[in-house]
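Per TrEMBL, compositional bias 'Basic and acidic residues' is recorded for 1-13, 21-43. Residues annotated as region 'Disordered' in TrEMBL: 1-58. Annotated transmembrane segment per TrEMBL: 75-95, 101-123, 130-147, 174-192, 199-221, 227-248, 269-293, 341-363, in sequence order.
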Amino acid sequence: MTELRHRGAKDGEPPLEQQPSEDKGSDSELKADKDGVSDESKVDSGVPEVPVPPDDTPEVLNKALSGLSSRWKNWWVRGILTLAMISFFFLIIYLGPMVLMMIVLCVQIKCFHEIITIGYNVYHSYDLPWFRTLSWYFLLCVNYFFYGETVTDYFFTLVQREEPLRILSKYHRFISFALYLTGFCMFVLSLVKKHYRLQFYMFGWTHVTLLIVVTQSHLIIHNLFEGMIWFIVPISCVICNDIMAYMFGFFFGRTPLIKLSPKKTWEGFIGGLFATIVFGIMLSYVMAGYRYFVCPVEFNNDSNRFQVDCEPSELFQLQEYTLPGVLESVTGWTTVRLYPFQIHSIALSSFASIVGPFGGFFASGFKRAFKIKDFANTIPGHGGIMDRFDCQYIMATFVNVYIASFIRGPNPSKVVQQLLALRSDQQLYIFNSLKAHLTEKGLLRAAEAAA
């Protein structure tokens with residue numbers, strides 16, 4: 001990472017970093033970015049001019065695109081690497097849910113590393129004791145808590161079969177709290193008188209990073225267990241919106257959208273919205289016809305493997321809808337056959353296009369606050385992994401809340417699993433209570449007569 005610029009340590013305030021710039025490698029954008037922070041520069045008087053970061057584009061692409069202007073060179077670099085990332089995305093989908101979960105974990109760790117590295121570079125001249133060690137320790141604690149909860153929830157029968165796992169599951173929250181409390185005590189013991197304020201800055205920095213990165217990635221995995229379609233469609237909508245907003249803005253953009261991102265335009269925002277909604281409806285129609293995508297990811301206790309096989313719910317069965325009069329006059333159709341999930345995909349696509357970009361604006365504001373161009377230089381033309389996933393995290397939270405609010409109902413298989421873990425007298429009590437309830441409603445007699 002480019003060397004960071006610092007104020008003197010004696011005033012106890014955070015040092016300053018690189019001059020902010022918003023987009024990925026365009027000279028014109030760097031100029032726009034400077035214009036956008038002119039007031040900030042006045043406040044931070046005395047900050048030396050920071051040179052443009054070196055070009056991290058692969059040499060092969062540099063030679064192939066050497067005759068192009070910087071604007072078109074950036075367009076081609078971003079386009080080529082975007083296609084490469086999309087191809088990799090298709091590959092991990094093909095490899096199945098377990099690989100997807102591992103990729104989510106790897107992305108989470110890399111995003112955490114990028115944000116913590118920024119904090120470390122900002123404050124490294126103060127030689128804060130144990131900062132990076134404690135940051136990674138807290139990451140381990142939080143992951144242990146969340147993944148332990150997931151294992152207990154989705155691998156309940158397996159956990160009850162194995163005695164060590166059963167004990168860990170029973171006392172999981174106490175163990176998690178004890179681990180966190182150990183890190184908390186270590187932080188208190190590491191406090192140094194001359195660095196109190198900065199150490200608490202970084203304690204908060206680490207915890208906010210955990211909240212943004214780890215919690216959201218855990219929700220992504222929960223969405224995946226509901227069915228791969230709940231993982232693929234939202235992520236694909238964010239990717240589509242990012243690409244189409246860039247394309248519309250590149251060719252038609254004239255009206256600035258927000259000062260935090262000078263290159264973002266209303267034309268790109270609106271064009272990306274309509275393109276993403278159409279894309280979401282089409283992608284949902286294709287995926288809703290395959291059990292591999294729509295069935296919940298469940299653990300088969302007999303084969304000790306994940307399985308994606310079920311009878312698709314009504315959400316993924318074609319139904320006939322009557323079109324409103326306005327649409328009927330335009331299309332000439334009275335009815336149309338759609339999967340109900342396609343209607344939900346409109347909500348997902350709209351959120352990805354309207355609210356999702358605010359995750360990117362938030363990241364832009366963060367980078368401006370700390371005078372950096374990108375979170376890292378992992379992907380030429382795109383920045384770091386966090387630069388690509390800033391919108392995905394807020395999308396993951398929305399999808400999880402959407403499923404809990406409008407989609408998910410009681411899961412009979414999980415109820416049965418929990419019942420089987422009870423003592424015999426408890427099972428008999430529930431059986432008698434359920435029998436009395438069904439008899440009172442008349443359902444049990446009807447079932448016996450039918451038999």
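From the backbone N, Cα and C atoms, a Cβ is placed for every residue, glycine too.
In summary, the transmembrane segment (227-248) does not lie against the transmembrane segment (101-123): fewer than three C-beta pairs, each 6 or more positions apart in sequence, are under 8 Å. Tertiary proximity for the transmembrane segment (199-221) is limited to same-chain residues at least six positions away from its ends with a CB under 8 Å from its CB atoms, namely 14, 101, 104-105, 107-108, 111-112, 115-116, 119, 123, 128, 131, 134-135, 138-139, 142-143, 146-147, 150, 187, 190-192, 231, 392-394, 396-397, 399-400. For the transmembrane segment (174-192), the partner stretch with the highest count of Cβ pairs under 8 angstroms, out of 101-123, 130-147, 341-363, is 130-147.
Same-chain residues lying 6+ beyond the ends of the transmembrane segment (130-147) with a Cβ under 8 Å from its Cβ atoms: 105, 109, 112, 116, 119-120, 123, 172-173, 175-176, 179-180, 183, 186-187, 190, 199, 202, 206-207, 209-210, 214-215, 218.
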